[in-house]
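*Asks:* Below, the features straight out of TrEMBL:
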DOMAIN    A:6-185  domain 'Guanylate kinase-like'
BINDING   A:G13, A:P14, A:S15, A:G16, A:V17, A:G18, A:K19, A:G20  ATP binding site
2 protein chains.
Amino acid sequence: MRKQRGLLIVLSGPSGVGKGTVRKELFSQPNTNYEYSISMTTRLPREGEVDEVDYFFKTRNEFEELIEQDQLLEWAEFVGNYYGTPLEYVNKMRDAGRDVFLEIEVQGAAQVRAKVPDGLFIFLAPPSLTDLETRLIGRGTETDDVIASRLQAARQELEMMNLYDYVVENDLVEHACERINAIIIAEHCKRERVEKRYFDMLKENA
Amino acid sequence: MRKQRGLLIVLSGPSGVGKGTVRKELFSQPNTNYEYSISMTTRLPREGEVDEVDYFFKTRNEFEELIEQDQLLEWAEFVGNYYGTPLEYVNKMRDAGRDVFLEIEVQGAAQVRAKVPDGLFIFLAPPSLTDLETRLIGRGTETDDVIASRLQAARQELEMMNLYDYVVENDLVEHACERINAIIIAEHCKRERVEKRYFDMLKENA
């Protein structure tokens, strides 16, 4: 039986939420069977960094050409250097039936969402969201202004969730990883993904 | 923070697929934290069976009254006795934030799907579906009639999947249970389920 097309898994969330820590923990587990998407950058390789392993290293001209050709799933410029996710690498992996994992900032995730509607978007939520209510209400002695500004901040965090399929609370790195792995297993069992293979097979044999 | 409403998890699939075995394995695991929905029946208790533990035992009159009042999530008559799933019990558990697990026949699952649109429907697929292709093509020596009747049978199995959210292949009971548990964890992380609690909270504190 031919394989399902690989998933594109996008892990994102507000800065400081611990995306990198969770990603490292996921990829340190021996049974992790998805690919970490290698980023592309115009910054120079640091000592020990290997092209096509740590990054795809490109010149500014090459990078800008790829932007023009719409060959980047998402990109941004930081401190004079471009960083981005090459579309070709991701598609090649997915076509080979491999799941690809991106860990990116929310701005990048929004770009990917627009380009890959069947992507799997996981929002890593700050651990402090568990006690959002406590933070909002506080000790009951806060001024209306303080409560209003807390509500405003909470609302902005929540609105960022809007583009995502799942919300994983980063209360404990191990728990967050368990939930992310469960989400990936579940997505592979989604009826729309599974039945397509069977129906295609029936068509071919009809 | 108030709890999510509990999920209604419905495990079903063609007869003979091993639903009962998978359900027993799930409920033998120490970390299973969902409730098995107790069925209602008009048959007499067997030795050792306890009312409200093994079944809710009812008279035919009582059962028929519940049918009329639409108090059964699903029901059927077998060999002169009614069997069904009481709606009140399921709702009480879910309102208390407990996930409720039903293991029922496909006809019953179709009734539940119509009544509980937010239910979580898992189709347990025959292990032989993995080699559906092999079965269809056979040794390449089958007559067109044989292949046509195999296609017909396969199509009927697949059409039963149609009402379900997930398809879990029962290749190995342990694997099937792992996937079912992953699906339940993932469903609790669905953005629509999680964000509602936060938005409700913001509204209350606004």
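Placed from the backbone N, Cα and C atoms, the Cβ positions cover glycine too.
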*Asks:* Please average pLDDT over the domain 'Guanylate kinase-like' (A:6-185) for the predicted structure.
*Replies:* 89
*Asks:* Taking DSSP three-state, what's A:K19 (ATP binding site) in: helix, strand or coil?
*Replies:* helix
*Asks:* These are the binding-site residues: A:G13, A:P14, A:G16. Which one scores highest on other Cβ atoms within 10 Å?
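*Replies:* Answer by Cβ density within 10 Å: A:G13.
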*Asks:* What is the total of other Cβ atoms whose distance to the Cβ of A:S15 (ATP binding site) is within 10 Å?
*Replies:* 8
*Asks:* Which one of these binding-site residues, A:G18, A:K19, has the sparsest Cβ neighbourhood, judged by other Cβ atoms within 10 angstroms?
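*Replies:* Looking at the binding-site residues A:G18, A:K19, the Cβ with the fewest others within 10 Å is that of A:G18.
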*Asks:* Cβ within 8 angstroms of the Cβ centroid of A:G13, A:P14, A:S15, A:G16, A:V17, A:G18, A:K19, A:G20: which residues besides those meet this for the ATP site?
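*Replies:* Neighbours within 8 Å of the Cβ centroid, excluding A:G13, A:P14, A:S15, A:G16, A:V17, A:G18, A:K19, A:G20: A:L124, A:P126, A:N170.
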*Asks:* Return the residues near A:V17 (ATP binding site) by Cβ distance under 8 Å, restricted to its own chain and a separation of at least 6 in sequence.
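*Replies:* Same-chain residues close to A:V17 (ATP binding site) (Cβ under 8 Å, separated by 6 or more) are A:L124, A:A125, A:P126, A:N170.
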